[in-house]
Amino acid sequence: MSGRGKGGKGLGKGARKRHRKVLRDNIQGITKPAIRRLARRGGVKRISGLIYEETRGVRKIFLENVIRDAVTYTEHARRKTVTAMDVVYALKRQGRTLYGFGG
């Protein structure tokens, strides 16, 4: 580990910081037509106008919970990369078993 400074095992070698695009209001990324398509797939015929913001809020809370659990699994394993299995285990913990991603 000589000559690496704070880098550790070669992860993030301390090169210059890249400028990251500031992501503001990303919750709007799921569009009104996308929500409508999901509802149609679920058998919904008519949709109230208030549903769209409510759906975005519920989706945000759901993803926060899944990501929090997945990151907890990652940190417990002393890794820096969240794997598909971390997400599978996080979903299983919440009672939403997902098949097809290993394990």
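Backbone N, Cα and C define each Cβ position, glycine as well.
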Checklist entry - According to Swiss-Prot, which of these ranges is DNA-binding region: 17-21, 52-56, 92-96? => result 17-21
Next on the checklist: Within the DNA-binding region (17-21), count helix residues (DSSP H, G, I), strand residues (E, B) and coil residues, in that order.
Outcome noted: 0 helix, 0 strand, 5 coil
